[in-house]
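Here the structure is laid out as structure tokens; the discussion comes afterwards.
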Amino acid sequence: MEVDDDNSPSTSAAVLDGETTVPTANSTPVQPPAVPPAVVPPTIAPLPAVVPPIAPIPAVRPPVFKPPVPQNGEVKAVDSDSDHEDDGRATAGEYEISEESRLVRERQEKAMQELLMKRRAAALAVPTNDMAVRTRLRRLGEPITLFGEREMERRERLRMIMAKLDSEGQLEKLMKAHEEEEAAISAKAEDIEEDIEYPFYTEGPKELLDARIDIAMYSIVKAATRLQRARRKRDDPDEDMDAEIDWALRQAGNLVLDCSEIGDDRPLSGCSFSRDGKLLATCSLSGVAKLWSMPRVSKVSALKGHTERATDVTFSPVHDLLATASADRTAKLWSSDGSLLKTFGGHLDRLARIAFHPSGKYLGTTSFDKTWRLWDVDTGMELLLQEGHSRSVYGIAFHQDGSLVASCGLDALARVWDLRTGRSILALEGHVKPVLGASFSPNGYHLATGGEDNTCRIWDLRKKKSLYIIPAHSNLISQVKFEPQEGYYLVTSSYDMTAKVWSGRDFKPVKSLPGHEAKVTASDISADGRYIVTVSHDRTIKLWTAGNIEQENDMDWTEG
């Protein structure tokens, strides 16, 4: 009976718990204190405490979970009804979105739309030419430009407009505009091709053709004379070229300051000897050019006519004429007695340098309007307007044969032009800064250039390359000049307040000519090579001669 009593609670407990465990009849009796803890399971009431609560969501009520009650089906049904009600309340709460969340969602959608729009725009072909961009904007009915809008901004605006039309499905409008644009361009190109026949040269006046023929005839004679003389010197056993060059360089090495004279109230900008060496011309920033008698540098006359500063002066190699260039955009032709003969006007900006053709019939001028021009001295007519430099043209020099002319400018480039054909035959690249001076050697194949990179370069026209690079000065080189008879030496003037003499054979330094107190702007060599003159911003004219020449002059004055 005790065994039955012990088993009855376990059986009822098994039924209450809903377990299907059936005790066997011959099971081993278990002591009463140990059986209840092992058989009776824990109560279900603490289950809600075991289940972790769900984190609360703003404005949404979390559902309530209740433990199942297996003993009573009705209670279970009621509980499930309450669960459905709770679920219904939770589902309804999910659509209650706060204002902040709505704004965040709108921003995200807008950003996504912008991203898609940019992707679509990046895939579209947009013209790169600004005029084509304006044309397409006009055809799409949009303003061609906005206030302060730059080219890239205008192109980006067109890209976004096209992307918007594409996204809105208005491709037909876009394609129609594109087809109209292409048709207009093709029609315009056909009209141009039908109406214009491009010549392979730029036509000039008949006077230019006559001048080219005259220059060709003149240069043939001069070149033949030069070559004949060079052959004679080469083949004549009595001719010792090295000894002659050594003598000329010794003379240049003995140069001393012979005279210094105040040339003007303003800085001097140019100087030139006459063909017989009896006159010296100078010009200054006051716009006045002056004539001086040689060798004592005494003033003869003043040439007044320019309204702005004078930039250069040069004597004719044939006649007793001189020409001046000025910042008033004109060049003027003067007689040696000081009377004005002609004015050459046509440049669009201030003039820089000026030079006569060896024949004396033509005058070359350079200007800051990026051109150099050729003028007829007799008629004053402009024969040639030559472009080719990308920046201002500064220096000009004619070949002694008269067939070539060299121009140099602020584009760090020197160009050699054939006056007989009008072609640019050489573009001499090497200087890294503006080139301010050029000079042809009398030997016919050397060209010297100097510029703001403080170097003087010697170019061989036969090899079309630079032979020597002379690190000549510590400041920019304002002018270079070969000795006019044989080219035995070269003179450079510089803003480092000196002028220097260099050998024409190996281009080594021969003599330095210090003495100026400001930058030297120009220099020149007399036709017989006896004198060198320099002018400077210190307003002085300095005349340099060899020692024996100075003695000869003193003797001449004593005899007089």
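Any Cβ shown, glycine's included, is placed from N, Cα and C.
What TrEMBL says about a protein is an automatic prediction, not a curated fact.
The compositional bias 'Pro residues' annotation in TrEMBL covers 30-40.
The compositional bias 'Basic and acidic residues' annotation in TrEMBL covers 76-89.
Feature annotation from TrEMBL assigns domain 'Pre-mRNA processing factor 4 (PRP4)-like' to 128-181.
The feature region 'Disordered' is assigned by TrEMBL to 1-40 (among others).
What TrEMBL lists as region 'Disordered' is 65-95 (among others).
TrEMBL lists 303-335 (among others) with the feature repeat 'WD'. Confidence across the repeat 'WD' (303-335), taken as the mean pLDDT and rounded to a whole number, stands at 95.
Nonlocal intrachain contacts for the repeat 'WD' (344-385), taken as residues 6+ away from its ends with a CB within less than 8 angstroms of a stretch CB, comprise 204-205, 207-208, 211, 214-215, 218, 222, 308, 311-319, 321, 323-333, 391-402, 405, 407, 409, 419, 422. Annotation source TrEMBL lists repeat 'WD' at 344-385 (among others).
Long-range neighbours of the repeat 'WD' (386-427) within the same chain, counting only residues 6 or more positions beyond its ends whose Cβ lies under 8 Å from a Cβ of the stretch, are 201-202, 204, 212, 215-216, 218-219, 222-223, 226, 349, 352-359, 364-374, 433-440, 442, 444, 447, 449, 451, 459, 461, 464, 479. For 386-427 (among others), the entry in TrEMBL reads repeat 'WD'.
If you look up TrEMBL, you'll see 428-469 (among others) marked as repeat 'WD'. Sorting the repeat 'WD' (428-469) by DSSP state (H, G, I as helix; E, B as strand; all else coil) yields 0 helix, 24 strand, 18 coil.
For the repeat 'WD' (470-512), the residues of the chain that approach it from at least six positions outside its boundaries are 244-245, 248-249, 252-253, 255, 395, 433, 436-443, 446, 448-458, 518-525, 527-529, 532, 534, 536, judged by C-beta separation under 8 angstroms. Taken from TrEMBL, the feature repeat 'WD' covers 470-512 (among others).
The repeat 'WD' annotation in TrEMBL covers 513-544 (among others). Helix, strand and coil counts under DSSP for the repeat 'WD' (513-544) come to 0 helix, 18 strand, 14 coil.
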Per DSSP, what is the residue count of the repeat 'WD' (303-335) in each of helix, strand and coil? 0 helix, 19 strand, 14 coil
